[in-house]
Amino acid sequence: MLKSMDKYLAAAALSAKNYLAYTSEVIFRSGFLVVILFLFVNLWTVTYSRSGAGVIGGFDLKQMLWYLVFTESIVISRPRVYQKVEEDIRTGAVSYTLARPYNYLLFQLSVSFGERMVRFISTLMVGYAVMSVMIGPYLPGLSALPFLMVTVALAMLADLIGMITVGFLAFWVEDVSPFFLVYSRLQMLLGGMIIPITLFPPFLRRLSEWLPFRFMVYAPAKLFVDCDITQVWSLMAEQIFICILLFFIGMSVYRMGVKRLDVNGG
């Protein structure tokens, strides 16, 4: 089992190494993040000031701003893996992978995960530097770092599997962009990217608890600013469950798509 995973780990490592060469894209993403953080600092400073509350939704001002640094870093670091999958299906390249000794979903997951980790770390470093200048530095407890690394990795894996599954819809439709738009907007709104889900109205909060998006964005960001060791094990267990569930859904969609190729002689 471990031996069979070697090729996927190698693909992730190679992808990370290759992406390091794209410094211009890293700079562009970083510049975009600086603008967003500047707006957030001003917006939330005014919000807390006018509300007169020291804590809103369980976050003080400093926690809220660092929470947003983390959520933005997670989402901005997302590669467009669904487009790669869509292109492979549209051009027929996916057919050539069927006889190869690897799982197509796992391979795309490995490549996109390696790239995303580099994007995330570089984006977070810029965000950390900018926010430290604006409001002062923040350091999570050292005891929280191992848990934080695991929850971030699981969050990214779940998100990437979801994106790859969206790409598999290209077996049936010509353009999957509208489906990804719905997926990304649901993640943005119900995953806690812009505001923590603790600020949602009751009905939206209940809805977000039934969807996987909060495990992709809100959960690791909340852990970054407020690490509750008593709940971290259950959080990681839930994230692992979400990853497995999404993987089986993705594989089911992929197999149905491949069957359709076979029936149509594709």
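Our numbering is plain: 1 for the first residue shown, then up by one each step along the chain.
Every residue, even glycine, has its Cβ placed from backbone N, Cα and C.
Here's what TrEMBL has on this protein:
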TRANSMEM  26-44  transmembrane segment
TRANSMEM  64-81  transmembrane segment
TRANSMEM  117-139  transmembrane segment
TRANSMEM  145-173  transmembrane segment
TRANSMEM  185-204  transmembrane segment
TRANSMEM  232-254  transmembrane segment
Candidate ranges 117-139, 145-173, 185-204, 232-254 - greatest C-beta contact count to the transmembrane segment (64-81) (under 8 angstroms): 117-139
Intrachain residues whose Cβ lies under 8 Å of the transmembrane segment (185-204), provided they are six or more past its termini: 56-59, 64, 67-68, 71-72, 74-75, 159, 211, 213-214, 216-218, 221-222
Chain residues in Cβ proximity to the transmembrane segment (145-173) (below 8 Å; excluding those fewer than six residues from its ends, i.e. six or more beyond): 74, 77-78, 81-86, 89-90, 105, 108-109, 112-113, 116-117, 120, 179-180, 183, 187, 212, 215-217, 219-220, 223-224, 227, 229, 232, 235-236, 239-240, 242-243, 246-247, 249-250, 253-254, 256-258, 260-261
